[in-house]
Ligand SMILES: Nc1ncnc2c1ncn2[C@@H]1O[C@H](COP(=O)(O)OP(=O)(O)OP(=O)(O)O)[C@@H](O)[C@H]1O
Ligand SMILES: O=C(O)C1=C[C@@H](O)[C@@H](O)[C@H](O)C1
Ligand SMILES: [Mg+2]
């Protein structure tokens with residue numbers, strides 16, 4: 001076991017990082033952190049409000065600061081935001097300090113899971129499919145460049161994805 005025994009989940013919005021991260025932490029009796037939630041708690045407003053007042057750059061600055069702190073912790077499960085891999089500084093922190101699991105998920109499945117969502121500002125557009133397809137093209141190489149392990153969270157139900165990750169983590 002290396003990289004301070006941390007598990008970091010990365011992947012597009014709606015891939016299941018928060019859901020699977022919470023279940024993983026429960027199974028392993030490890031503390032669970034979600035960088036989106038930490039940012040909201042520290043700011044005192046929700047993510048759409050941060051985007052509205054500070055733009056995406058303001059949110060990314062807050063995200064970078066949060067990830068710099070969270071990746072100093074040891075023995076935790078961390079669900080990141082979907083765009084955590086955009087900045088190189090974040091990618092380095094993630095790769096250096098934890099076992100990074102990419103939850104790979106198709107755009108169709110994400111659309112099904114997020115169709116009634118109002119909390120993901122990047123999807124509040126007339127054409128969320130086109131937006132997700134564009135994000136996947138931009139980000140897939142970044143997710144893969146950080147990942148120690150890839151799980152298909154589009155096909156696997158949450159519990160099966162957790163089982164799969166636990167098997168790999170326990171073999172480390
Ligand atoms: N493996 C899965 N199978 C079925 N449904 C899932 C799975 N993972 C997540 N879901 C459902 O999809 C929705 C989005 O999941 P979740 O919030 O965990 O995604 P996320 O990756 O944390 O997204 P974000 O990057 O926006 O924070 C939730 O309603 C959740 O119940
Ligand atoms: O994919 C993204 O860029 C985002 C995903 C969410 O987790 C949030 O971090 C925010 O809505 C931005
Ligand atoms: Mg989440």
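Backbone N, Cα and C atoms are what each Cβ position is placed from, and that goes for glycine too.
Unlike curated entries, TrEMBL annotations are predicted automatically.
The ATP binding site feature in TrEMBL is assigned to 14, 15, 16, 17, 18, 19, 120. The Mg(2+) binding site feature in TrEMBL is assigned to 18. As annotated by TrEMBL, substrate binding site applies to 36, 60, 82, 139.
If you compare Cα positions, residue 14 (ATP binding site) sits closest to 82 out of the binding-site residues 36, 60, 82. The separation of residue 15 (ATP binding site) from residue 82 (substrate binding site), Cα to Cα, is 9 Å. The record assigns 36, 60, 82, 139 to the substrate binding site, and the maximum Cα to Cα distance across that set is 18 Å.
Looking only at other Cβ atoms within 10 Å, the busiest spot among the binding-site residues 17, 60, 120, 139 turns out to be 17. Residue 16 (ATP binding site) sits 13 Å from residue 36 (substrate binding site), taking the Cα positions as reference. Between the farthest pair of Cα atoms in the ATP binding residues (14, 15, 16, 17, 18, 19, 120), the distance is 16 Å. Considering only the binding-site residues 36, 60, 139, residue 120 (ATP binding site) has 36 as its nearest partner by CA-CA distance. When the binding-site residues 17, 18, 139 are checked against ligand 3, 17, 18 have a Cβ within less than 6 Å of one of its atoms. A separation of roughly 11 Å, to the nearest angstrom, links the Cα atoms of residue 36 (substrate binding site) and residue 17 (ATP binding site).
Summarising the environment of residue 18 (ATP binding site), the number of other Cβ atoms within 10 Å of its Cβ, over all protein chains shown, is 19. Residue 19 (ATP binding site) sits 21 Å from residue 139 (substrate binding site), counting Cα to Cα.
Looking at residue 17 (ATP binding site) and residue 60 (substrate binding site), their Cα atoms lie 18 Å from each other.
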